[in-house]
Amino acid sequence: MADEAKAKGNAAFSSGDYATAIRHFSDAIALAPDNHVLYSNRSAAYASLKNYSDALIDAKKTVELKPDWSKGYSRLGAAHLGLSQYEDALSAYKKGLEFDPNNEPLRSGLADAQKALAEASRPRSSAANPFGDAFSGPEMWTRLTADPTTRAYLQQPDFVKMMQDIQRDPNKLNLYLKDQRVMQAIGVLLNVKIQTSPSADVDIPDSPPPSTSERKRAAEAEPAKQPEPEPEPEPMEVSEEDKSAKQKKAEALKEKEAGNAAYKKKDFDTAIQHYTKALELDDEDISYLTNRAAVYLEMGKYEDCIKDCDKAVERGRELRSDFKMIARALTRKGTALVKMAKCSKDYDPAIETFQKALTEHRNPDTLKKLNEAEKAKKDLEQQEYFDPKLADEEREKGNEFFKQQKYPEAVKHYTESIRRNPKDARAYSNRAACYTKLGAMPEGLKDAEKCIELDPTFVKGYTRKGAVQYFMKEYDKALETYREGLKYDANNQELLEGIRTCIQQINKASRGDLSPEELKERQAKAMQDPEIQSILQDPVMRQVLVDFQENPKAAQEHTKNPMVMNKIQKLVSAGIVQMR
């Protein structure tokens, strides 16, 4: 049960539903309070919701339960870091690295904590610009270079000068907000979509840009002191090479738009021509490759789709493209591999590719495709394993061991028979008999019920189920099972004998012939039965029981009601009431 709740929590976490994940992890913890992994997972979910206080509590519990587990210290450090407890975060990360010196999350967390501590120690002006951190250090230039749009701006000297001014004094940002290039740069540095081009990817639309009022509120959130206006920089001459590169990028975007339009019209050949032309003009935008791969996928040219996806991943890593774009390429490749799969082993590379995509970006669609691929592989494995002839041979081997009273060995062969032919009711029936001999009543009952489900006319299923219920002292249920079996074989001696023994036990309870220990045991077992509980909680039946004790005339009328008497009989069989 704890593993099931944990699996549900992991699935909710993967889909970004952190509140539901916390609920499932809490259910799992209630069932397995000493499992350190559950506290670690819930800590991560709390941290994802910015609830660092509860994340810290769970992280401490994780370390307490498993002091030598490096991930526990990673959770502890992250919680301290979220609470701005930088010294404690440093201590947690360092402690974790003592157990696992090469752990990348711990090393990365340590670096973040050191940077945060340094930033916190640095004196700040009371009128500091709220976007100041976005422009600090060489990371600003790295991020601007990684984005295809702002990379082109870096070839323009006036843009470079503006960004240098802002980096030296973030309060100067307000001087340049009217320049759309600066607004685009802010979007890249803050990882928000301030201005978007009309040519989004074909299958995943971009999020809508913030409204003008939202941008205005962000700019006015912390008013900065307006410095004296500076003279506008003189325009500088742009080289012919830069002009040519800029023109090619613009032409490439037009080709992409034309390709998108052709794709929507199902004109795949034309779409490929446009995407190919866009690639020739600009090889620094991997969306041209992923879009062309999508067309190949629709056309059933899976090999070409996979080649384009591989190129997109390789080129994307060189350009440090958005991880979502790389994840998209990997997901598309996995989809093509699934389309090509002909046997269960063919699903392995597809499953591996989907898993790689999820490490880049936890996309619900990718997770769904992974689950579908794993299920398809499992179903195909069962089909490939299906062999009725071998199933019969294994069942016969199980019969021999059963005759020798070697029940565990018999169970092993019956199980293999079921794997070879899961539709054979006889194997379930035989294994149910083994489980009954071994005292594994719940397993025996499950197999007997499966046997009846597969073949309702197979009488052995009813004798197996009735025997299990009899040994579980559920005599009224066993009686119903035996009577149900008689509908298909009215003269079956096993069924008739089962009915006789059940009635004997039920009458024993009715006469009050049970010993005090037997009566107490039967009543305790009955009180756990939902059906018995329902009868005792029914106001009508409670009045009926009172009438049987105090009002003989009313009781006489009740005996004429078959439904009432059926319920009374169940209570008698359970030892709850006695008829005198």
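Backbone N, Cα and C define each Cβ position, glycine as well.
In the repeat 'TPR' (2-35), helix, strand and coil residues by DSSP number 27 helix, 0 strand, 7 coil. Marked as repeat 'TPR' by TrEMBL: 2-35 (among others).
For the repeat 'TPR' (70-103), the residues of the chain that approach it from at least six positions outside its boundaries are 36, 40, 43-44, 46-47, 50, 52-53, 55-56, 58-60, 62-63, 109-110, 112-114, 116-117, 120, judged by C-beta separation under 8 angstroms. What TrEMBL records for 70-103 (among others) is repeat 'TPR'.
Residues or ranges marked as domain 'STI1' in TrEMBL: 137-176 (among others). Secondary structure of the domain 'STI1' (137-176), assigned with DSSP and counted as helix (H, G, I), strand (E, B) and coil, comes to 32 helix, 0 strand, 8 coil.
The region 'Disordered' annotation in TrEMBL covers 198-258.
According to TrEMBL, the feature compositional bias 'Basic and acidic residues' maps to 213-228 (among others).
According to TrEMBL, the feature compositional bias 'Acidic residues' maps to 229-240.
The annotation compositional bias 'Basic and acidic residues' is assigned in TrEMBL to 241-258 (among others).
Summarising the annotation, TrEMBL assigns repeat 'TPR' to 252-285 (among others).
TrEMBL lists 391-424 (among others) with the feature repeat 'TPR'. The average per-residue pLDDT of the prediction over the repeat 'TPR' (391-424) is 94, rounded to a whole number.
Under the heading repeat 'TPR', TrEMBL lists 425-458 (among others).
Shown for the repeat 'TPR' (459-492): DSSP residue counts in helix, strand and coil, namely 25 helix, 0 strand, 9 coil. If you look up TrEMBL, you'll see 459-492 (among others) marked as repeat 'TPR'.
The residues of the domain 'STI1' (529-568), classed with DSSP into helix (H, G, I), strand (E, B) and coil, number 34 helix, 0 strand, 6 coil. The feature domain 'STI1' is assigned by TrEMBL to 529-568 (among others).
In the repeat 'TPR' (425-458), helix, strand and coil residues by DSSP number 28 helix, 0 strand, 6 coil. Long-range contacts of the repeat 'TPR' (425-458) within the same chain, counting only residues at least 6 positions beyond its ends with a Cβ under 8 Å from a Cβ of the stretch, are 391, 395, 398-399, 402, 405, 407-408, 410-411, 414-415, 417-418, 464-465, 467-469, 471-472, 488. As a summary of secondary structure, the repeat 'TPR' (252-285) carries 27 helix, 0 strand, 7 coil according to DSSP.
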